[in-house]
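Report on one structure; see the data block that follows.
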């Protein structure tokens, strides 16, 4: 199985490169300085705007934060990873969504969940050029407050959307094994209802990201950051409670459901008698389990754990020593947009066929003609075999 292994290798390479970048950043700063997180401290100085001299609330950052904002970790490494995710994720998820919507006739629950997962990835990836440009230009945001809020909202919304839809997909696969004779139309209606509920939930839980002011001007660096620097009071108060609630409610609980579903699935597969066809299904189910667990370990677990640790250190100590690892983990979480199409490949046999036909530029009409031709050939072989056996029987008497 290549996709999980490739994901592990890519994740390991990214972590190695990130650790080197982080060490270089830390060595270039004063180790005795405090406030090792991107906390914006109020600096009540006046600055000249286009309409004259006005006094506004501006912010300053400590030496470590300045080194992170100007270092290669954020200005070189992050845009490289985001570029890879954009180049791979945009066409693969676009094709996946097209296959699910226009090529797949039977809308099973798994197809519905995977289509929503592809849509979530696509809605996140299309904003990546702005994020890439932001980091390349020294973490300087020039696109306005509204676009910054949209970018951050879609960034976190995609991560938690992916977690919830992967959980639904995992539970659904277990339910198919336990109850294979269920009514497909009823299941599809339930899946549509659950998908709509997930989108509504994500919209509601990401509202604070759209409301809170995400851009802050740093006069000392002459840059405007997008989400990288926030006021200290906001970080230790509302943002801590907000991200802690997200980590528990939208990551930890779904992760528990996913793990439970796969443990029960493995038990069911081991206890049931296996013929040749069932053995193939069992192997495909195991591939799905390994792929999903790899996604959780590489993409979701580090970012959510470090997110809680980062904000806890800010709240308890007024500083965070893990910010560099935290932003690398957030960067790794975007790899799910590249891995998800491989999950579709393992889960759905129809998706594999439709994707191959799409890549070979075969129209729906051409595929139907090929299927009819193949069916007629099989039927003719069976007929010739039957007539041959009948002739043999007659001559033996």
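Numbers here mean position along the shown chain, with the first residue as 1.
Including glycine, each Cβ sits where the backbone N, Cα and C put it.
Features reported for this protein in Swiss-Prot:
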DISULFID  148-226  disulfide bond
CARBOHYD  30  N-linked glycosylation site
CARBOHYD  222  N-linked glycosylation site
LIPID     361  S-palmitoyl cysteine
REGION    373-397  region 'Disordered'
SIGNAL    1-25  signal peptide
TOPO_DOM  37-71  topological domain 'Extracellular'
TOPO_DOM  102-108  topological domain 'Cytoplasmic'
TOPO_DOM  138-149  topological domain 'Extracellular'
TOPO_DOM  178-183  topological domain 'Cytoplasmic'
TOPO_DOM  212-235  topological domain 'Extracellular'
TOPO_DOM  270-277  topological domain 'Cytoplasmic'
TOPO_DOM  318-323  topological domain 'Extracellular'
TOPO_DOM  348-397  topological domain 'Cytoplasmic'
TRANSMEM  72-101  transmembrane segment
TRANSMEM  109-137  transmembrane segment
TRANSMEM  150-177  transmembrane segment
TRANSMEM  184-211  transmembrane segment
TRANSMEM  236-269  transmembrane segment
TRANSMEM  278-317  transmembrane segment
TRANSMEM  324-347  transmembrane segment
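Swiss-Prot feature annotations superimposed on the structure.
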{"residue": "148", "record": "disulfide bond", "Cβ within 10 Å": "22"}
{"residue": "222", "record": "N-linked glycosylation site", "Cβ within 10 Å": "9"}
{"residue": "226", "record": "disulfide bond", "Cβ within 10 Å": "25"}
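Over the topological domain 'Cytoplasmic' (178-183) the predicted model carries a mean pLDDT of 68. Cα of residue 222 (N-linked glycosylation site) to Cα of residue 148 (disulfide bond): a span of 18 Å. Segment contact holds for the transmembrane segment (278-317) and the transmembrane segment (150-177), given three or more CB pairs below 8 angstroms at sequence separation of 6 or more. Proximity of distant same-chain residues to the transmembrane segment (236-269), defined by a Cβ-Cβ separation under 8 Å and at least 6 residues beyond the stretch ends, is recorded for 156, 160, 163-164, 166-167, 170-171, 173-174, 177-178, 205, 208, 212, 230, 282, 285-286, 289, 292-293, 296, 300-301, 304-305, 307-308, 311-312, 314-315, 318. Secondary structure at residue 148 (disulfide bond), taken from DSSP and collapsed to helix, strand or coil, is helix. Looking at 72-101, 109-137, 150-177, the range that has the most CB pairs within less than 8 A of the transmembrane segment (324-347) turns out to be 72-101.
A coil conformation is recorded for residue 222 (N-linked glycosylation site) in the three-state DSSP classification, outside any helix or strand. DSSP assignment over the topological domain 'Cytoplasmic' (102-108) gives 2 helix, 0 strand, 5 coil.
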